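Worksheet: one structure, shown below.
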Amino acid sequence: MGRSISVSFGLLVVFLSLSGTGADQDCLPGWSSHEGHCYKVFNLDKTWEDAEKFCTEQANSGHLVSIDSKKEANFVAELVSQNIKETRRTDFVWIGLRAEDKRQHCSSEWSDGSSINYQNWIEAESKKCLGLEKQTRYRKWVNLNCGQPYRFTCEI
């Protein structure tokens, strides 16, 4: 009897210690939790606009991923590397950032409306949409043609 209470108490302590750490983040099945947000790599080829629309249809607050820190960039890069299915279109993965016009390097906010607090461009070109590049292990942002279909990562 005393042993059973000890085990139950131990499990309660573990549960309570995980509460509030992000470990209790409720994500949809197949989604991964990181610092209060949920992420999923989709192995579907879509244009930037279609990928963004698809992400908004996943949940009320869904968008293409916005990357706000090096820590989040590393998490997303690892998630993409582990979940992307190899095809000829896996060299790039859409993120939620694009230029408002060709004269601008980028818009002033991510597709979810948040400000750009972290930047990690590999090069500057005149294309409007940004993605992660396989050659950099999905850690650097590259300018891409918005109309090309690539895989993508959603965040809710």
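Backbone N, Cα and C define each Cβ position, glycine as well.
Quick look at what Swiss-Prot annotates:
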DISULFID  C27-C38  disulfide bond
DISULFID  C55-C154  disulfide bond
DISULFID  C129-C146  disulfide bond
DOMAIN    34-155  domain 'C-type lectin'
SIGNAL    1-23  signal peptide
To the nearest whole angstrom, state the Cα distance for the pair C38 (disulfide bond) and C129 (disulfide bond). 22
On average, what pLDDT score does this prediction assign to the domain 'C-type lectin' (34-155)? 86
Smallest Cα-Cα separation from C27 (disulfide bond) among the disulfide-bonded residues C129, C146, C154 is shown by C154
DSSP helix/strand/coil residue counts for the domain 'C-type lectin' (34-155): 28 helix, 38 strand, 56 coil
By Cβ count within 10 Å, point out the most packed of the disulfide-bonded residues listed: C27, C55, C146. C55
Min neighbour Cβ count (10 Å) across disulfide-bonded residues C38, C129, C154 flags C38
DSSP, reduced to three states, assigns C27 (disulfide bond) to coil
Determine, to the nearest whole angstrom, how far the Cα atom of C129 (disulfide bond) is from the Cα atom of C55 (disulfide bond). 16
Can you give me the Cα-Cα distance between C55 (disulfide bond) and C146 (disulfide bond) in Å, rounded to a whole number? 16
As a whole number of Å, the Cα atom of C146 (disulfide bond) is distant from the Cα atom of C154 (disulfide bond) by 16
